[in-house]
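K.L.:
Here it is, the structure, as structure tokens.
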Ligand code: NAD
């Protein structure tokens, strides 16, 4: 099939590349000229494991192209995907200007039937709004489909190639047939393509992300309580996770959820509920709790130093909002850095992939280390914020000889408590006994 993908971010680029991988002809469009130039020159603009290989293979086989020319990209496309930003507007509701703007541009260019697929996360009713834009500007027939994306950054290629499910919101039989054909190769193992109406499909995405954000937040509160009552959150986690109704995944406590999706999607769903006179109590609490959890490590640090970190220097491992990505949008590390600097501390940071993005955002507010161990030079303590695998089994001898003091604040519970006792560390993690 001939496909156009508008927007080449984490979702658009993965979607375009993975659709090319099954033999489709894909043209990706972006307004960011520098980014398009980079991709035309054969460079992947984001870090996403496994994307490189597919990207280069499909470019080489002429199935994957990049352009800033919307008209050229959509001319022959049967299906046009929109993978555009939907950031929070001033009031917390999703800002639909990218989607509606692109819809308007497309509507003025098309001359034959197209399926317009919205991959962005959007509030209920957006498909109707997009449809209205088309009817205002063209007589050409279109079907507007909601097809939310569930990929996780860090395993996005795997998630796209073998999704747990594909959700397609449409009542058009014609669009349904094309979408079933397009997604067929990705669900060969038998995972479902769930067809539903557009509104249910739009809400499914928000419900999924909000449920996951709630699950993490619940565990963060259990962890906080564990510390107060002398329980171990790891034991509690395993104790509840082995109940199949609860499940083992997404039960790891930490420094709060971040990223480009959960914070904005929870907020947008609350806003949608408000607009419909529904008080979504649980999600409002989730937002409040997460706000506090983002700086829980700072609270622990301040408590340890009797509220005075003036002149202290910290090493910080992990900047990305989660491992295996360079994405730092709403990353807890940024809040932690900001709070510690406000309290008069200095930091040297290290992340395997996200350093350039942080540098571009906050410049020389912190020092950047060449590797994890260099970050420890002259540091009074180490803070661990992102659970990159490389931090899981460090050379503790090197740690001991480089850090000024054997003090670790671990926001991701990477180390065994017994081991930290043996090694003689002060070790403060989340929801577990504090080791002195
Ligand atoms: P992103 O910010 O990484 O990428 C958006 C891209 O769109 C950018 O490259 C930008 O230059 C481009 N763009 C903006 N306006 C444009 C226009 N008019 N024409 C062409 N290109 C334009 O965003 P993302 O993380 O890929 O997210 C896109 C959508 O998918 C959002 O609604 C998000 O909530 C949703 N989503 C994201 C994820 C994720 O993990 N990132 C997962 C599922 C769903």
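Yeah, the Cβs are placed from backbone N, Cα and C, and that goes for glycine too.
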K.L.:
For the substrate site that TrEMBL assigns to 150, 151, 152, 153, 205, 250, 251, 252, 253, 254, 258, which of 75, 312, 322 is also named?
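P.N.:
For substrate, TrEMBL names 150, 151, 152, 153, 205, 250, 251, 252, 253, 254, 258; of 75, 312, 322, the listed one is 322.
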K.L.:
Have a look through 215, 264, 271, 404 and flag the one TrEMBL assigns to the NAD(+) site that 30, 35, 86, 121, 153, 329 belong to.
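P.N.:
For NAD(+), TrEMBL names 30, 35, 86, 121, 153, 329; of 215, 264, 271, 404, the listed one is 264.
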K.L.:
Here are the binding-site residues: 35, 152, 205, 264, 329. Which has the lowest count of other Cβ atoms within 10 Å?
P.N.:
152
K.L.:
Show which residues of the chain containing residue 253 (substrate binding site), separated from it by at least 6 in sequence, have their CB under 8 Å from its CB.
P.N.:
216, 219, 220, 222, 223, 233, 237, 413, 430, 431
K.L.:
Determine the C-alpha span of the NAD(+) site listed in the record, that is the greatest distance between any two of 30, 35, 86, 121, 153, 264, 329, in Å to the nearest whole number.
P.N.:
24
K.L.:
Quick check: of the binding-site residues listed here (205, 251, 258), which one has the Cα closest to that of residue 35 (NAD(+) binding site)?
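P.N.:
Considering only the listed binding-site residues, the nearest one is 258.
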K.L.:
Could you measure between residue 329 (NAD(+) binding site) and residue 261 (active site, nucleophile) for me? Cα positions, answer in whole angstrom.
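P.N.:
With distance taken Cα to Cα, residue 261 (active site, nucleophile) is 9 Å from residue 329 (NAD(+) binding site).
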K.L.:
Go through 251, 261, our recorded positions, and report the one whose Cβ sees the most other Cβ atoms within 10 Å.
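P.N.:
Sorting the candidates by Cβ neighbours within 10 Å, the top entry is 261.
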